[in-house]
Number of protein chains: 2
Amino acid sequence: MSQQLKYKEISGGVTTPQGFLAAGVTAEIRKNGRRDVAFLYSETPAVAAAVYTQNQVKAAPVMVTQEHLAQGLAQAVVVNSGIANACTGEQGLADARMMAKLAGDALNIPAEHVAVASTGVIGEYLPMEKIESGIKEAVSLLSTEGGAAAAEAILTTDTVTKEYAVQFNLGGREVIVGGMAKGSGMIHPNMATMLAFITTDACVEQQVLKLALRWAVDRSFNNITVDGDTSTNDMVVLLANGQAGNPDFSADQPEFTLFREAIYAVCVELAKMIARDGEGASKFLEVQVKNAASEEEARIIARFIAASSLVKTAIFGEDANWGRVLSAAGASGVLFDPNLVDVYLGDLLVAAEGRGLTFDEERASAILRERNVTITVDLHQGNSLGIAWGCDLTFDYIKINADYRT
Amino acid sequence: MSQQLKYKEISGGVTTPQGFLAAGVTAEIRKNGRRDVAFLYSETPAVAAAVYTQNQVKAAPVMVTQEHLAQGLAQAVVVNSGIANACTGEQGLADARMMAKLAGDALNIPAEHVAVASTGVIGEYLPMEKIESGIKEAVSLLSTEGGAAAAEAILTTDTVTKEYAVQFNLGGREVIVGGMAKGSGMIHPNMATMLAFITTDACVEQQVLKLALRWAVDRSFNNITVDGDTSTNDMVVLLANGQAGNPDFSADQPEFTLFREAIYAVCVELAKMIARDGEGASKFLEVQVKNAASEEEARIIARFIAASSLVKTAIFGEDANWGRVLSAAGASGVLFDPNLVDVYLGDLLVAAEGRGLTFDEERASAILRERNVTITVDLHQGNSLGIAWGCDLTFDYIKINADYRT
């Protein structure tokens, strides 16, 4: 949200910062022959921060990673796709611990320095022999070129890989932040998110890292929605290995603002890629709520609008149904005066002071025919902005989800 | 929820209780030539109670009806379908007031004793000439046989009319409760609901009537969900004209329990009819959450499951994806121990103590091929029950909603 960007976008992902290696291999956990084990490794132990799903039903890898990262240190992340290892009880926990141990043993690091993540079908057990051979193969292939293969191996119903990286100057040193993410359905994070792994060679203390990650996630992954369902397996892990050699900084220095904006830049681009690749999506939706009483209220309303099935089907149908936008805002639970609200489709004002205007339906149609649609709601209640991202609700969403398990 | 029913179902609707007349006419507000003005009239002034949408954006008729019923008395209800008169500002309020005045003038009763309701497209103004001629025609046709025509005139995307009535003995007199409802999309009531009008010839005080209605609505209309969207126009109005001549009763007498269960019986049957007729629905879904710590928590979880897009698409796809059920329960915000939870599809146990079982997939498929599907979640946390009703999410839901406005 900086007016003047102090970082620049560069091509790359998790292995673009110094000292990070990755690999992605096929262990035949997924039935379609695609890569399904991803490995991420820092040559030196990294400071770690993470956020996790707030779903009461947490998958085993979420619980194990929470335990392992409690000390704020990690050196590797191992991820499988195909099976979520959720609702798998004691066996699932033992499997997740074993997954970390196998990874640690292969690299000669403590299992506690390994984060584990899984994504896929709920309620099935991990095929541990396949996991083991996948880990061994991945470790043998670790390289600074491996980011793209790792980004592939974490996908499920996603249609594209999601990678992003930025570079900036921090205390006289060039620092890079890179990331990869997956997520396409069961996307409606609640103070946490789908899978995302972010790396940086910045030198940063763990408490500062946590603050930056929380700030960035609240404004990015937590504001995307595909279908209103919050997963059991969501996590975002951020590793900082310090290899850039920048001087240490605290949360009240300007370097912190710069750093967290770079983390935010990577998080928000990955988040938008997830919304754009939402299951069955034909359009990308950005909802801006302006002039709210607070940033949090603005985000709640923006999310409610982006999550409304009726708004999403109207976008799919290219129907300028602004009434559904106002109705969704009103159902958000946030107090505001409906008689002050303006609604824009793109830059076309379609409702003012809570009432519909006679607008140019041709212009509205042209705006809605675009692949990217922006809805702006001006509350005239204060001066805070909140943005949420989503997608339309299409026949293909139903096709994908009516028979996912089999 | 009584084990032993003290009332009996009878055929009928709003004109089945003594002293109520109704009519439904075509005023050409809807473009398809269907009935679109409904009128309901009690020969004598009736005690009235109502609940309204909690959406911040309230339609003009909701605001006007709230004003008019504040005194707890009403003698007529006039409803139009086709246009919601929502997001229409001062003009909309003036139109809603005029609608009540026209009805009052035609019947020689005060406008303040008329409730008004509208349903349809948001953001358009009412065609007041059509409303006026519709009201005149309806008043000329008022009869005790008019309930069915009125039930037709309140529909929008509904495919069937929704009427229900029960009869019971109250203090030595035969009392009847009858009702009609509409609702098919934008159905996710929040302490209020879509349009429903309930009549009774019971003699009952206004405070007692309010208590009975609130209790019944919380257990019926507030537990149905079609698409997670809460409308701007929801209302339930209950009129009691006292013509049955039963003795007065207070909220701590057994008659009250009997009365509110009869009101509940009508509300819950109408609510289920709405869920069953959900836009595009091919299946009716009942979610029972058993052994929760409280009735309210049970209802919250049941609603979350019934509202989950992923559960709804799995039901449409006849896929025994119990993991999505557990995940939706976990995302509800209610605290419970996931390791205690059992999940049933119909009477087939598919997950126990939070983990999947090897179950008979053939039996599961047979259960899911039925038109009515029941999911039961046993939390093993307490002994409270909550039930929610919904429907599957289908291709037709999207077809109906992608181009509703035009």
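Here the Cβ of each residue, glycine as well, is placed from N, Cα and C on the backbone.
As recorded in TrEMBL:
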- A:T156, A:K182, A:T193, A:E279, A:N401, A:T406: substrate binding site (BINDING)
- A:T193: active site, nucleophile (ACT_SITE)
Please determine which of the binding-site residues listed here (A:T156, A:N401) has the lowest count of neighbouring CB atoms within 10 Å.
-> A:T156
Neighbouring CB atoms within 10 angstroms of the CB of A:K182 (substrate binding site), all protein chains considered, total 27
Cross-chain proximity of binding-site residues to B (CB under 8 Å), evaluated over A:K182, A:E279, A:N401 = A:N401
Would you mind listing, in sequence order, the residues at least six apart from A:E279 (substrate binding site) in the same chain with a Cβ closer than 8 Å to its Cβ?
-> A:T157, A:S184, A:G185, A:V226, A:D227, A:D396, A:Y397, A:I400, A:N401
In the three-state DSSP scheme, A:T156 (substrate binding site) belongs to coil
